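Participant: Before we start, here is the structure in question, set down as structure tokens.
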Amino acid sequence: MKNIRNFAIIAHIDHGKSTLADRLMEECKAVDPRKMKEQLLDSMKIERERGITIKSQTVMLKYTAKDNEDYVLNLIDTPGHVDFSYEVSRSLAACEGSLLIVDATQGLEAQTLANVYKAIDNDHAIIPVINKIDLDSAEPERVRAQIRDVIGISTENAVEVSAKLGTGIADLLESIVKYIPPPEGDVSERLQALLIDSWYDIYLGVVILVRVKNGSIKSGMTIEMMSNGNKYCVEKVGIFTPEKRNVTELRAGEIGFLTASIKNARDCNVGDTITDAKNPCTEHLPGFKQLRPVVFCSLFPVSSDEFEKLRQSLEKLHLNDSSFTFESESSSALGHGFRCGFLGMLHLEVITQRLDEEFDLALVLTAPSVVYRIHMKDSSVLELYNPTEMPDPSKIDHIEEPWIKASVMLPGDYIGEVINLCNEKRGEQIDLVYVDNKAILTYGLPLSEIVFDFYDKLKSVSKGYASLDWEIHGYRSSELVKLSIVINGEEVDALSVMIYRPNAEKRGREICERLKELIPRQQYKIAIQAAIGGKVIARETVNPYRKDVTAKLYGGDRTRRMKLLEKQKKGKKRMHSIGKVNIPQSAFMEALKVKP
């Protein structure tokens, strides 16, 4: 075990994490040069397109160091985005060290900081890796100073590399062997293994990625998931090189995979403890928690015929990603669809993009919302996932919404614009620290303000330089109301949103104006209203077509003309009372793009 090194790679998006993993594999000759391709560990099409890592990946590398000892290096390539921060924390718990990759041209970013602090909490040995030193704009000394001043760790063991050109990779491998400690554990103890991640394989069922802390896992033994008590018989155990390779057993300190004919990824919770069903360990490994979605959105197929196809597609995606939830719902305006829960906005985008590309589904999405807590006057507390389920306002005592603690890292030049943006979004400043030419701004913000366009606006006002990290920071009471959109006296449930009362009139007017442009004119007048309870706060009218019923008349008595106009008036009145306004799907999609 003394020659095993388990380490994770921590980096912000686009700082060269997956490229560095490619170079480490090349240096250790883990992959046939003919099969080598960029971002080898990012297996999903969407990961390669967006240049992001969504699922944790692992690879075992064999390395002969300068001391002529043979070492086994287990590398875990973790997601970098805030939505997947729990997966990162479990990947880090499986390791003893981390490579902190920082772009020599951009310096530290907010999400890098958040993940480094998680690594420090796990008592990791951290090796700073300053990447992209081949670029003319690289400033490695400034980045070293940032790492020392902001994170407070030594940069004496920092390694300067160019993942693109392969410069410094040999020195980095020597540093991994020298500075990262070997794993601790006892093969003779009862089995205790950490579930790092899981995914679905069409032939093997659910494949589980594990780090064995104590004991060993062999094929044929019966294992138990400690969070739910489910028992399974292990069929295969193996390692990734990065190809799957079966082995006879996984021993304490090692990272690998197992299969056990598990049919549902829902039974395999990231962070769970796996033990021997016949001789179980007595305690969980620390840090396990059930993942809960924080952003909710309804998905409806544009064609009602595709409802069953959407259900099957969501079930297939759920096999690989059990962190999103879905349940069927129906809307009077949009028909049958699903109410889905996600870990964040990137998670929502990834799932909807996969539905579009992999399953060829055209979807209508409702406005994203968060989970509100409604305290009733009878002291009961309800959780509101969908604005259409809002109870009678007269029975509500107060409403609470989730707040987050956001860290924004940006160049000092843009601090004024970003503070203005945070204040617009009802933010409360917690801290502001300047390091070198960068500022770290900490704000408390309502999550509902973040899920719309905050990230886009932040990038816009900072010319793309700001980076954001956030974590849920409890619930707070707030002045919230349900904004309803009423068309010709009928409420359109798909357009209902929960909103902060002082912003309701502006948002209501924006939606009404947008709908006025989008709804086609009918033979009768269409009233579009935004209302809170029974009170209308904004109104627009779509004027009717006017058919010239008197065109066929020439000369004669004016009473004939009056009679025809009166008949038209009565017809329009009857039409208005029985006519249903036909709102095209595109109108919903456009109206919901209105930003609060």
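For all residues, glycine too, the Cβ spot is worked out from N, Cα and C.
Not my notes, these are from Swiss-Prot:
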{"type": "BINDING", "residues": "D14, H15, G16, K17, S18, T19, N131, K132, I133, D134", "note": "GTP binding site"}
{"type": "DOMAIN", "residues": "2-184", "note": "domain 'tr-type G'"}
Participant: So of S18, N131, which of the binding-site residues has the fewest other Cβ atoms within 10 Å around its own Cβ?
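Facilitator: Ranked by other Cβ atoms within 10 Å, the binding-site residues S18, N131 bottom out at S18.
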Participant: Cβ atoms within 10 Å, counted per site: which of G16, I133 has the most, among these binding-site residues?
Facilitator: G16
Participant: For the domain 'tr-type G' (2-184), what's the mean pLDDT in this predicted model?
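Facilitator: So the average pLDDT across the domain 'tr-type G' (2-184) works out to 80.
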